[in-house]
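Q: Right, I'll just put the structure down here and ask away after.
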Amino acid sequence: MVRFIFVTGGVVSSLGKGLTAASLAMLLQAKGFKVCVRKLDPYLNVDPGTMNPHEHGEVYVTDDGAETDLDLGHYERFTGVSSCKFDSITTGAIYSKLLKDERLGNYTGVTVQIIPHVTNIIKDFILSNTKGFDFIICEIGGTVGDIEGLPFFEAIRQIGNKLKNENCLFIHLTLLPYVKTARELKTKPTQHSVKELRAIGITPNILVCRAERNISKSEIDKIALFCNIESEYVIPAIDQKNIYLVPIAYHNSGLDNKVLKFFNINVVPSKLDKWYDIIGRLKDSSSKVRIAIIAKYHKLKDAYKSVIEALDHAGIYYKYKIDLVWINAENLTEENINKKLLNIDGILVPGGFGERATKGKITAITYARTNNIPFFGICFGMQLATIEIAQNLIGIKDAVTEEFKVDGTKIIEKINKNCEGSKITIENVKKTMRLGSYPCSLVANTIAANAYKSLEINERHRHRYKFNNEFQNIFEKNGVVFSGFSKDEEIVEIIELPELRWFVGVQFHPEFKSKPFEAHPLFIQFIKAAIEYTLRK
């Protein structure tokens, strides 16, 4: 029978519930169990697909096209198991279903309420699609005490009451703030957080305590006493220099074995060789390579979370530290670019939407191309690369993208024109988006084919514009190689400039499929080119 583990948080947000859930999933997986990790978000948006990155950070896209929270990226990167649309839900999606059912008369005229109707939808989500799994780990977004989170806490309380301890475990993550003047960790916020959780009917079985320094036995005993929990189930979560050190830190703290003990499951050895290899590679990484990310949201690193991690994975592969240099694309000009990109070994332009900051991105692409610096353009970054090539290499000075609704030669066009001229609504914005994993055919003897070591691949997408194929011939005459196409050959997936050191643009998002123990081949080749470039300088 499947067992359920609920991960909640208290005191402050952004404590690392997602990393805790992902780490525990990996540790249980290392003991031979099949684990699924899910995220329940209390916000009223149906999904994060139309949210500003400043509000939410990265939108993580699954194989089946779900636009989800960035924590699902942690789940996939730690476990190597692909998430799907059944692994993410929001209050907005719940209310959307509830109100649709109410209008259809599915509630047969009864008064629709938070309890039981909203909580029943939450419970159905948690308890459905569990076949083949030994554990379902559910992360509840937000912190205990948040008004918007109350229906979720009530739903998991009901599940816990029904399944009992044999099949349900509550893990609560809290913060132990360190007060420098007193030179001690403060346990009172944790005590109040647990009190708040118990007030709504949930008693945590395991308490995970975040802290910036080691937690003494006396402090653990104090927490256990006031929170009514055994000391062995108070797990330290000390700050780590790298997130890929977190799973082994939890293993050393005994989190995985405590979970098995709670469920009366025999403790079995863990197969953690690949994670110890990652730790070894991180420790051996002494050399650095400097990568400039030309970003629109340069102050919000979470907007590019998967890109950052994919670069780190390639760094782990080569035992190199990736020194990221964040460049504000809005302030990048021909006059200051030499200074801002001084001693850069590689330039990456990530995905995005909208006209703002595109001039600076194109300036960076020109700089990379004309100075033969390794360049990687992702999604919108590839589209801007084709515009830069059209303007400055081919001579189509008015080359533009149809997205900006300005006059000029449309090098980039809409994929689906069915909604053209219609009012822009959330509904038709979704309809015109190409989302999820699609097959891609590669051309032999190209940079892409050599990187993948295959001519057939699958990659994840999130875009509604594509390269205008009418210009393919003139681009090819000017040295551009189109090395990847959709199966129907309608959409250009990869472009290359083979005469340069490394210049590649991709329409998809390779960062979503990179893992610390299996770096993405394109990121591997990009970092390889950057390393070779820095060694030759």
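Quick reminder: no glycine exception, Cβ is built from N, Cα and C everywhere.
The shown structure was predicted, so the numbers you read here are calculated from the model rather than taken from an experiment.
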Q: Per Swiss-Prot, which of LYS39, LYS100, LYS217, LYS222 sits in the CTP site along with SER13, ASP146, ILE147, GLU148, LYS186, THR187, LYS188, PRO189, THR190, GLN191?
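A: Looking through LYS39, LYS100, LYS217, LYS222, the residue Swiss-Prot assigns to the CTP site is LYS222.
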Q: If Swiss-Prot says SER14, LEU15, GLY16, LYS17, GLY18, LEU19 bind ATP, which of ASP71, ASP87, ASP101, ASP124 does it name for the same site?
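A: Of the residues offered, the record points to ASP71.
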Q: With GLY352, PHE380, GLY381, MET382, GLN383, GLU403 listed by Swiss-Prot as L-glutamine-binding, which of these, ARG369, ARG434, ARG460, ARG464, is given for the same site?
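A: Swiss-Prot lists GLY352, PHE380, GLY381, MET382, GLN383, GLU403 binding L-glutamine, and from ARG369, ARG434, ARG460, ARG464 it also lists ARG464.
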Q: How big is the gap, in Å, between the Cα of MET382 (L-glutamine binding site) and that of PRO189 (UTP binding site), rounded to a whole number?
A: 48
Q: What residue among the recorded positions LYS186, LYS188, LYS222, ARG464, HIS509 has the most other CB atoms lying within 10 A of its CB?
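A: Of the recorded positions LYS186, LYS188, LYS222, ARG464, HIS509, the highest Cβ count within 10 Å belongs to HIS509.
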Q: Given THR190 (CTP binding site) and LEU15 (ATP binding site), what distance in Å do their CA atoms have, once rounded to a whole number?
A: 13
Q: What is the number of other Cβ atoms found within 10 Å of the Cβ of GLN191 (UTP binding site)?
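A: I count 16 other Cβ atoms within 10 Å of it.
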Q: Using the recorded ATP site (SER14, LEU15, GLY16, LYS17, GLY18, LEU19, ASP71) as reference, state which further residues of the same chain have their Cβ within 8 Å of the centre of those residues' Cβ atoms, listed in sequence order.
A: GLY9, THR20, ALA21, HIS74, GLU139, LEU173
